[in-house]
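Features reported for this protein in TrEMBL:
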- B:11-76: domain 'RNA polymerase sigma-70 region 2' (DOMAIN)
- B:108-156: domain 'RNA polymerase sigma factor 70 region 4 type 2' (DOMAIN)
- B:174-273: domain 'DUF6596' (DOMAIN)
Amino acid sequence: MKYLTMIYVDESVPADYTRMSSDYEDYTRQLVEAGVLKDGARLLASSTATTVRVRDDEELFTDGPFAEAREQLGGYYVFDCANLDEALKWAAQCPGAREGAVEVRPLAH
Amino acid sequence: MHTDPLVAVFHAEHGRVLARLIGLLGDFDLAEEALADAYAIAAAKWRADGVPEHPAAWLVITARNRAIDRIRSARRLDSKLAALAEEPAPAPAEGPVLDDRLRLFFTCCHPSLGRQAQVALILRCLGGLSTEEVARLFLVSESTVQQRIVRAKRKIRGAGIPFRVPGQDELAHRLPAVLAVIYLLFTEGYAATSGPELIKVGLCEEAIRLSRVLHELLPEPAVSGLLALLLLTDARRAARVDSVGRLVPLEEQDRGSWNQALIDEGRQLVSGSAGPYAVQAAIAAVHSDAPTPEETDWPQIVELYGMLAPSPMVELNRAIAVAMASGPEAGLRLLEHVRLDSHLLPAARADLLRRAGRQAEAVAAYEQALDLVGNQVEREYLLRRRSELTT
């Protein structure tokens, strides 16, 4: 089964990029070696986001992410795992889970 | 009493049979439908031919065959069907660790399901209770229970929650959820948070039955602790309410009516147990050791409360034990630091103030407790206590 793993981070907290990128490199390598990784990317800050809505045929663009929450989507992975427990085990290893939160959702085929 | 053999088999074997079918079919709904078919067939056949030698195995085989028919007629033909038809007849009994019921415990209590869904699923699937019975026990509507179960099953299937017992390394993380659900069932039964009765006997008995099954399958010290706690607590159940349904506090209970067989069984389990439930079981065992309330070893109870992780309820109970060991004023001082949004806090304060002879303050505390209490029997108890002070 494929699972989308979304990593939410508090953007107001300054990140230690050097440490973080090496943690993520290690983590990503492990995912690749285990054959679990299907896709993944880091997103730029939510200040670069634009949200689109169409209401009554009118296109509305707003500056910023869909939800004004403290924690914003910062990146994602797509795992291929046997079941949820396996996906959760990998998600718990994600460096982002230590400070922010990681949501795991199965993909509809 | 039920004399219908099918009812007896249902009570004894439902959890085992359903767990086996879910294991075979990998589908909660199909397993339940097929088992319902098998019960219907059994109702007619057993009356004519008598009960088979291994009723559980008979039900599994019949339900499996019905499941094959259902898959076929629904044209849900896939590799699963071929595999199922090939599967040898399931054995009537299995080794402890491989028991499907154990897998079902962990699946129903998977941490990715909400607590209420876990409770509903476990009662439904392992206890064999109908959604109506679950609803009645928790005083919620049948459609609420139905919805929780449907959603939980959908998540189990959709999110790929596996039907398995966690490995040794994970067991320590996963077992507490299973124990917590059973404990929750028991506490809700033993002191109903709302409603006209103090005790819902059905829930207490179901919780004990489930913890016995779990203990048989997984004799871990943490499970022994829970089972011991439930047995030692349940032993006092009959003494907690008098003949007209009024609450009787521990010190006024007729100790002769405590169930000695349950106490003995609980005490034996305590010795091989560990964890927070085991500590609480040890406290219950100290109470049952005392032939009279005055002979209770309160200092030991204070010490045992000190071994539990601090929480408002633990602090509250510890304060009461300290009051019994060292006088009500010492208990009252500790209560000042307890923050708990429940009638139990002012009720405990009222009791200690009464013991300390501070009548006017006690009456005020009873009134605070009365504002918060939800259970009718507890309300009457508090009213009675208050009127003793004012007349």
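Quick reminder: no glycine exception, Cβ is built from N, Cα and C everywhere.
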For the domain 'DUF6596' (B:174-273), the DSSP residue counts stand at 70 helix, 3 strand, 27 coil
Helix, strand and coil residue totals from DSSP for the domain 'RNA polymerase sigma factor 70 region 4 type 2' (B:108-156) stand at 36 helix, 0 strand, 13 coil
Grouping DSSP H, G, I as helix and E, B as strand, the residues of the domain 'RNA polymerase sigma-70 region 2' (B:11-76) number 56 helix, 0 strand, 10 coil
